[in-house]
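Copied over from TrEMBL, here are the features:
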type	residues	note
REGION	1-27	region 'Disordered'
TRANSMEM	32-54	transmembrane segment
TRANSMEM	75-96	transmembrane segment
TRANSMEM	142-160	transmembrane segment
TRANSMEM	247-266	transmembrane segment
TRANSMEM	300-319	transmembrane segment
TRANSMEM	331-354	transmembrane segment
TRANSMEM	360-378	transmembrane segment
REGION	387-419	region 'Disordered'
COMPBIAS	401-419	compositional bias 'Basic and acidic residues'
């Protein structure tokens, strides 16, 4: 998704006066506050998600185990993402005429917008009667309603999982905490297979209840604060639970999405259109007119969650690599984290100067990959970096790749010692 993309209702340096039906341009203070807040909100899930990714594989629940991304997954991801993005664009923008109106009736027609969406007005050249029918394949309102319900459920689960460790500190020691298990199996006897095996307790139910309140608020009001709470939860869970199995896979994923982001932002208007039309917490937003209108502000700057999660899972991988070195330093993590700050700051600066949506990965990928590689070159640890395999995986294929990588690395180290 685009980074710091302005809302379609935003004012700009050349905005007209309110008398012409548009809002005045945002103040420099409001713009600075919005961009600074987006930057801070992007850093929080990356930092804490990376820390939680180190210990998430130790969880007892299957749902807490990391999902490993292999090199094959990384190569496919940009293609799948492109198909999904184009599909959403077609849902929102492609129209077709009602096939029941044929022949001479289609000779004279025009379109108009109504409360039900875009409609076609067709005039029969013989009778001069006007006929109207919807042009949209599906009403945009219905699509967004369906998506709102879908993200309402996902958002509640993600937010509950996010706040659960924090909320545990606020419960008193004598809190009646009961254990529960949700088990769903397939088959019987020796062939029985677990589909869902989720363990939770009363504290988790309290967190779920609080998250449901936020979900209802989002569903009814679509308030930007509720949107951001869900967006932060999605981002943190993504960084925590999505694991790259090695640095090479990370380079493949980031390189492919680098091309994806640049093409769909600069090559077409598809991504910008979807970002403006898609009413779901897949982006962080912050109002540029907060100082003037308070919490009811509606002039937003936005940042797509993909620009947080994709670099974030690479940064989290480097943190786990730091820990594997057993040097009690987090050099690569802090380097990549600083590189992310630089890359996102550069994105916002260029977007503000040129007044055009920017593909954030155009700046984030070279920074987040290039800076740690330069540090590895300076320290002579390039081989160790690219031979590191993430062993915290529930994927047998990834585990096999991890073993092979460790064996190859050990073999190379032994050859060096023999020489």
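Cβ from N, Cα, C; glycine included.
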Same-chain residues near the transmembrane segment (247-266), Cβ under 8 Å, at least 6 residues beyond its ends: 2, 69-71, 73-75, 77-78, 81-82, 85, 272, 306, 310-311, 313-314, 317-318, 321, 357-362, 365, 368-369, 385-386, 388
Winner by Cβ pairs under 8 Å against the transmembrane segment (331-354), considering only 32-54, 142-160, 360-378: 360-378
Recorded stretch, among 142-160, 300-319, 360-378, maximising Cβ pairs under 8 Å relative to the transmembrane segment (32-54): 300-319
Contacting positions for the transmembrane segment (300-319) when only residues 6+ beyond its ends and CB under 8 Å are counted: 1-7, 10, 31, 34-35, 38, 41-42, 45-46, 49-51, 53-54, 69, 224, 231, 234-235, 238-240, 242-244, 246-247, 250, 253-254, 257, 275, 282-288, 330, 332-333, 335-337, 340, 343-344, 360-361, 364-365, 368-369, 372, 390
